[in-house]
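Contents: one structure, followed by commentary.
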Amino acid sequence: LAQSLFALFASSLAISLVFAIIPLCHNVVVLAVVMAVAGLAMGCIDTISNMQLVKIYQKDSAIFLQALHFFVGFGALLSPLIADPFLSDTNCILSNSTANASSNLPHIRKSLVPHHPGNLSHYDLPMKGMVVTRVSYAFWIMALINLPVPIAVFFLLYKERMVPCFNSSSHPLLSADELAMETRPTEKDDLSTAVQRPHAAGGHDDLFSCCQSKNFRGASYTYFAVHITGALVLFMTDGIVGEYSGFIYSYAVEEPLSVVHKVAGYLPSLFWGFITLGRLISIPVSYRMKPATMVFINVVGVLITFLLLLIFSYSVVVLFVGTASLGLFLSSTFPSMLAYTEDILQYKGCATTVLVTGAGIGEMVLQLLVGSIIHDQGSYSFLVCGMIFGGLAFTFYAFLLFFHRMYPKPSSDMDDASPDKPAAMDDTGQYQR
């Protein structure tokens with residue numbers, strides 16, 4: 001837990017520093033390095049936060065994962081609104097021809113349809129002169145908004161006596177936590193729990209223990225199959241999120257729909273808005289519904305939505321309704337899939353790393369793939385690709401259900417399910433030190 005909290009502190013602090021530095025980068029190589037650091041930091045936060053929620057809350061983790069990913073969607077929806085007031089509607093470079101060039105900007109924006117730019121040679125924009133822009137303020141505001149996060153993580157480290165300089169000056173938080181009170185073993189069981197803990201929770205003490213080969217010895221093929229199929233489902237669904245939000249504008253403004261540019265610009269916001277709404281709705285729903293059922297509804301809903309979008313490809317109304325529907329169905333796929341897979345694998349935390357990595361790779365690769373296909377085959381291929389990815393997600397999920405049935409259950413399952421037997425303390429007890 002200490003390793004995870006220090007990694008979260010360093011990563012969240014790095015993001016604030018990166019956002020503060022971005023406006024000061026006057027070289028594209030320096031900017032690329034800074035953005036790479038931001039990507040690494042965000043990847044660490046994504047993996048560690050999901051993994052620790054799964055480890056700490058275990059069977060209750062589905063609710064907390066839904067809450068976590070609601071705030072992910074909320075941030076994605078909020079940050080463009082913060083940046084928008086600082087985006088210039090006039091040319092940012094002052095020169096003798098600035099007045100005439102600024103009037104050309106609306107025409108240039110309308111001509112710059114992604115992948116199919118019009119002839120812009122007759123428009124004049126100065127490239128040299130004094131740069132005047134307010135967009136730097138947007139980055140600095142985001143850096144300040146993020147700054148309380150590393151401060152809060154450091155405060156948690158301090159209260160838990162994990163900071164080397166302040167080991168004895170504070171009282172731990174977790175001992176008074178409601179979860180700790182419910183799961184704390186009795187005095188009679190303290191000794192036996194302490195003896196059993198190194199064996200029962202061997203994978204929890206080291207952040208990188210999942211990578212050790214000794215953990216794979218004697219594992220059945222279904223153990224690896226569950227990891228792979230779970231990662232492939234998220235590879236497809238998170239890839240759909242990336243490619244749909246990235247190219248829905250391009251699809252809408254081209255034939256046969258030819259939506260007005262300003263109206264088409266609302267589609268990505270609508271998509272992310274319904275992803276955020278869906279994750280908010282999923283928090284109470286996940287309390288009543290099993291993660292496996294939620295994932296099934298999600299992948300089937302995605303498939304049906306793309307089918308309707310293909311059938312009614314000439315309808316702008318169906319496009320807007322389908323975008324909202326797709327956002328709702330994709331919203332809870334990631335946290336539900338994470339909770340379901342970790343439930344199969346007894347909450348060791350290793351599956352979280354594999355699934356988060358698979359989702360990130362899918363979001364990167366499918367955007368590149370769909371972008372090149374749209375460029376070569378036209379806008380209609382955008383929906384065809386979505387339909388194919390949705391079908392593959394459903395197929396991989398069917399394989400996951402199959403491997404779940406074949407996965408060997410631990411012999412203690414019957415004892416753990418008994419109402420007379422208290423919940424196991426080995427995995428959660430170590431977090432209440």
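From the backbone N, Cα and C atoms, a Cβ is placed for every residue, glycine too.
Just so you know, TrEMBL annotations are computer predictions that nobody has curated.
Database features (TrEMBL):
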- 30-49: transmembrane segment (TRANSMEM)
- 61-82: transmembrane segment (TRANSMEM)
- 137-158: transmembrane segment (TRANSMEM)
- 223-251: transmembrane segment (TRANSMEM)
- 263-281: transmembrane segment (TRANSMEM)
- 293-312: transmembrane segment (TRANSMEM)
- 318-340: transmembrane segment (TRANSMEM)
- 352-374: transmembrane segment (TRANSMEM)
- 380-403: transmembrane segment (TRANSMEM)
- 411-433: region 'Disordered' (REGION)
Spatial neighbours of the transmembrane segment (30-49) far in sequence, C-beta under 8 Å, 6+ residues away: 4, 7-8, 10-12, 14-15, 18-19, 21-22, 68, 207, 352-353, 356-357, 360
Per Cβ pairs under 8 Å, the stretch of 137-158, 223-251, 293-312, 318-340 packing most closely against the transmembrane segment (61-82): 318-340
Paired segments the transmembrane segment (318-340) and the transmembrane segment (380-403) in contact, 3+ CB pairs under 8 A: no
Contact yes or no, the transmembrane segment (223-251) and the transmembrane segment (293-312), 3+ Cβ pairs under 8 Å, gap 6+: yes
